[in-house]
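In what follows, a single structure is set out as structure tokens and then discussed.
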């Protein structure tokens, strides 16, 4: 798995997978995308946009933010999943929140390889 492929697996869900609520969405998606074993990842953000549109941040759709980080000029629909309780041992139970924000990512060779944060 390349760094780009890992970015896609962990952070891109487009179109957004249907779920009755954000809690169910997060519990399903975190498990489905391999972020609940061997330990539960504390927090993770899914971007509901195409890989192509996110990749533009590495070029004309983004501005330098220091090092290999770039800030998107556009806003994206996001779902952020946060682990409930202190234990990182499965079963993992997540709560989720949705927002529309600009994002900061790291690029390598013109491709997104790391999600830094919403800005």
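All positions are counted from 1 along the displayed chain.
Quick reminder: no glycine exception, Cβ is built from N, Cα and C everywhere.
Residues or ranges marked as substrate binding site in Swiss-Prot (evidence: similarity to another entry): 6, 9, 41, 42, 43, 44, 45, 82. All protein chains shown were included, and the count of other CB atoms within 10 Å of the CB of residue 44 (substrate binding site) stands at 21.
Just so you know, the Cβ of residue 11 (active site, proton acceptor) picks up 20 other Cβ atoms within 10 Å once every protein chain is counted. Swiss-Prot lists 11 with the feature active site, proton acceptor.
Spatially close to residue 81 (disulfide bond) yet at least six residues away along the chain are 22, 25, 26, 29, 30, 43, 44, 45, 46, 94, 95, 96, judged by Cβ distances under 8 angstroms. Residues or ranges marked as disulfide bond in Swiss-Prot (evidence: experimental evidence): 26-81 (among others).
All protein chains shown were included, and the count of other CB atoms within 10 Å of the CB of residue 92 (disulfide bond) stands at 22. The disulfide bond annotation in Swiss-Prot covers 40-92 (among others), and the record cites experimental evidence as its basis.
Residue 58 (disulfide bond) falls within a helical segment according to DSSP. Applying an 8 A CB threshold to same-chain residues 6+ apart, the list for residue 58 (disulfide bond) reads 70, 105, 107, 110, 111, 112. Taken from Swiss-Prot, the feature disulfide bond applies to 58-107 (among others), supported by experimental evidence.
The active site, proton donor annotation in Swiss-Prot covers 114 and is backed by similarity to another entry. In the three-state DSSP classification, residue 114 (active site, proton donor) falls within a strand. Neighbour list (residue 114 (active site, proton donor), Cβ cut-off 8 Å, at least 6 residues apart, same chain): 3, 7, 105, 106.
Around residue 9 (substrate binding site), taking its Cβ as the centre, 14 other Cβ atoms fall within 10 Å, counting all chains.
Residue 45 (substrate binding site) falls within a strand when secondary structure is assigned with DSSP. The two recorded residues, residue 42 (substrate binding site) and residue 92 (disulfide bond), show a Cα separation of 9 Å.
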